[in-house]
Structures are given as structure tokens and as C-alpha cells.
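Asks: Take a look at this one; I'll ask things after.
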Amino acid sequence: MTSFVRRLTVGSTIPHVPVHQQKFKPTIEIPAFPLLPHNNQRPLGIALRSRKYWRVEAVGPVGRSEGGDCTKKAGGGPGPGPCSYSLGDRTTEVERRERNRTVEVVVAAGVTVVLGVGNRVLYKLALVPLKHYPFFLAQLATFGYVLVYFSVLYLRYHAGIVTDEMLSMPKAPFLAVGLLEALGAATGMAAGAILSGASIPILSQTFLVWQIFLSIIFLGRRYRINQLLGCFLVAVGVIISVASGSSSGHSLKEAGMFWSLLMIVSFLFQAADTVLKEVIFLDAAQRLKGGSIDLFVVNSYGSAFQALFICLLLPFLSKLWGIPFSQLPNYLKDGAACFLNIGGTLSSRCDGAPLLPLLFVIVNMGFNISLLHLLKISSAVVSSLASTFSVPISVYVFTLPLPYLGVASSLPTGFVAGAIILVTGLLIYAWTPSGSTAALPSPSN
């Protein structure tokens, strides 16, 4: 009978041994221990029969063509045949997936930077018609997002993209997300009303520090020296490019330590919010057995709980904006009239509405979605770096002749030096030493 031979590739150090078939003699019966016949039956005995023989050969790494086609058997006829299984195939597949993931992260980071710049510029433009109603614009964004996000979530659910398992995720983390976002907004508004505009970019760099610290504690991340150095240089670059030549240091002293610490606490709440969202994605990958929760599930429930806590904080927030709570309904009514550019004499002061505010709301929504997508496929720190990189670019854009803004601003004295330091920090962060692995494991997709 013809034997069947299988070839296994185990590595490059084993020499190639060609596959060949061996011929064996037909089955031979060897009677043994003959027994006497019983009731005229045939004599009984024990026969040894040859069966199929299997031989495993270790061969060198070969391609599919040399190893044979899995659809043909050894004799050339139809049916299964000898195949070559190479460990290199698995390595190549892993490398290809890593390259694809890197490209996806780079593209997502680029989109986030572009939308981040547009978000900052359009916010400034949106405040031209709504300069007397910034609190209305903030609440329009907060409550408008709830309506938009849940509408998109409804459509994605009926399209089969969002499943019942995703919607059945525990709601406590989303509640915490909403609370952190509301607290971050409240404390940021309170401190921002006292601090100067030049000092806020300096204090905002504590956001990245908080993210690294919290991800080490709650996610067990371990960062390489070049990543920590890169984050430090990014923060220094932003401070130099944005706040150089200004009286930010003097402004911090005038404002007092309390308000500076309150702004730092505000960025702590925001950093905790992003790290918690990363925890949600990691937990969803386990609960959904390797699946991934849809972005709009996180955005919808997070925004809904944020709006709930904002409602509870409205008396406090309106006071921060200098609006007595009893006059808040009239203020929101006038803000809506200005937003829609209606109301006679009121509309004459709202040139640019509703186009500019609507553009800001749309771009801001896209920025939040892209930021969350980048966080999902990478980490909270990477998303923070992409958002931070948009700051000096926005400063440069404001030096261009933009409509509605009048005279363009001038670049800070240390802008170029700060931008160089920032880009250097990003390159150092992204650099991976040979033979080392990434220190930032990403959530499962």
C-alpha cells in the first residue's frame, strides 16, 4: 500500500529533505498460536497486517509552490496532498497587520489635527455673532449633541451596526464620563473667568501629564524613556510657541494660586474622562468577546449624562458667566434669536449667524468623533498629542487674514522655536528603538 507523507516546516536551520514515497509489500498474514477447530469452524489465529505508514519529515522553509498544492495529492490526482506550513507566514501576517494599524493611526491622527485646527478657528469665528452669548453657544453644543448622537445611534441600530449587546453594556461608566465632563466644564469656566488667555495654554499642558499618570495607574501602562521625553518636549514646545512674549507668568501671579490650581483640577477631570473612555473600550472588547463597541454608543450615553449634570449645575454655571439664574430664560431666548439671526435690531449685531455657529457645531462634532476614534485605535495619550499638535497650527492660522476677525494677530516671538521643539518631541515619542516593543498597547478593535 502507498504511504502518505506530510511535510512540516519548522525553521530555516533544518536542511531540505525531498519528499518521496515508499513502496511497501502487500499485506502479509502471519498465523500464530494456531488453535484447534471447534464445531467444524475454521482454525483461529492472530494475523499481523501492515497498514498505512506515516512519516514526518523536517524540511527547510519553502514556498507554497515547492511544498505542493493543498488541492492535489502526491500522485498528481485530485484530493488532499502534502502541504507546507511555514511559521514565516504567520510572522508576515502579523507584520502586515501592524503596518496597516500604524497607517490607520497616522491617518486618524492627521484627520484629528486638521479638525482640531478647524474647531479652534471656527469657535473664534462663531463668537463673532454670538460674542454676547457664549454661554448659549456652549449649551447649544451640549444639548444639541445629545439629539444628533442619539439620532445617528438610532439609524445605526436599525442598520445592524449597533447590536443589542452594545446597548446592554453597563451604564455606570457612561454616567461617570458625563459627570467628569460636566465637572471639567464647570471648573474650567470658573478658572477661565479669572485667568488670562495667555496663561491657560501653559496650564493646559498638565492635561498630558495627568493622562500619563492615570494610564499608568488604571491601565497598567509602562512608557519608554523616549516617550516620556517626547511628551515633555511637546508640552514645552506648546508653551514656547503660544505663550512666548506674553505676560503669562505675571498673569498667573496676579490671578493667585487657587485659580491656577482649579484650572489644573479641571484638566484632571478631562484627562480622567479620556482614560475612562479607553477603559470602556477595553472592557467592551472582553464583554463582546473580541468585538468593539460602536463610537456612537459611547458618545450618545456620555453626552446624555453630561447634559443631565449640566442641568443640575446650571445655577452655578450661569453665575460664572455673570447671568443671574432668574434672567437665564430671557438670556437663552435672546441667544436663540441671535443664533437664527432674527429679531430686528438684535439681528444687526449678529452678522455671520447662523452660518458660523453651525459650522463650528458641525466641525466640533466631527472633531470629537475623530478624537474618540483615535483613542479607540491607539490610546488616550496619542489622541492628546494629536490634539495638542493642533494648538500652534491654530496660532499660525490666526495670523492669516480671516473674515470677520479684522486685523490678523502676530506670531509670538518664540513660535518657530517652539514649533520645532514640539515636532521634535512628537518624533521622539513615535520613535521605536530596534528590538523593543511598543509600550502603549492599544484596545482591541
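Yeah, the Cβs are placed from backbone N, Cα and C, and that goes for glycine too.
The region 'Disordered' annotation in TrEMBL covers 65-85. The feature transmembrane segment is assigned by TrEMBL to 105-123, 135-155, 175-196, 202-220, 227-245, 257-276, 296-317, 355-375, 382-405, 411-431.
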Asks: Quick one: find which recorded stretch in 135-155, 175-196, 227-245, 355-375, 411-431 has the most Cβ pairs under 8 Å with the transmembrane segment (257-276).
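Replies: Checked against 135-155, 175-196, 227-245, 355-375, 411-431; highest Cβ contact count belongs to 175-196.
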Asks: Count the CB pairs under 8 A between the transmembrane segment (296-317) and each of 105-123, 135-155, 202-220, then give me the winner.
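Replies: Comparing 105-123, 135-155, 202-220 against the transmembrane segment (296-317), the winner is 135-155.
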Asks: Are the transmembrane segment (105-123) and the transmembrane segment (382-405) close enough that 3 or more Cβ pairs fall under 8 Å, when only pairs 6 or more apart in sequence count?
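Replies: Counting Cβ pairs under 8 Å, at least 3, so yes.
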Asks: Looking at 135-155, 175-196, 202-220, 355-375, 411-431, which one has the highest count of Cβ pairs under 8 angstroms to the transmembrane segment (105-123)?
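Replies: Comparing 135-155, 175-196, 202-220, 355-375, 411-431 against the transmembrane segment (105-123), the winner is 355-375.
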Asks: What else in the chain is close to the transmembrane segment (135-155), if you only count residues 6 or more beyond its ends and a Cβ gap under 8 Å?
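Replies: Tertiary neighbours of the transmembrane segment (135-155) are 126-127, 162, 185, 294, 296-297, 299-300, 303-304, 306-307, 310, 317-318, 321, 323, 331-332, 335-336, 338-339, 357, 360-361, 364-365, 368.
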Asks: Under an 8 Å Cβ to Cβ limit, what residues of the same chain, 6 or more beyond the ends of the transmembrane segment (355-375), are close to it?
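Replies: Sequence-remote neighbours of the transmembrane segment (355-375) are 105, 108-109, 111-112, 115-116, 118-119, 122-123, 125-126, 128-130, 137, 140-141, 144-145, 148, 274, 277-278, 281, 295, 298-299, 339, 382-383, 386-387, 404.
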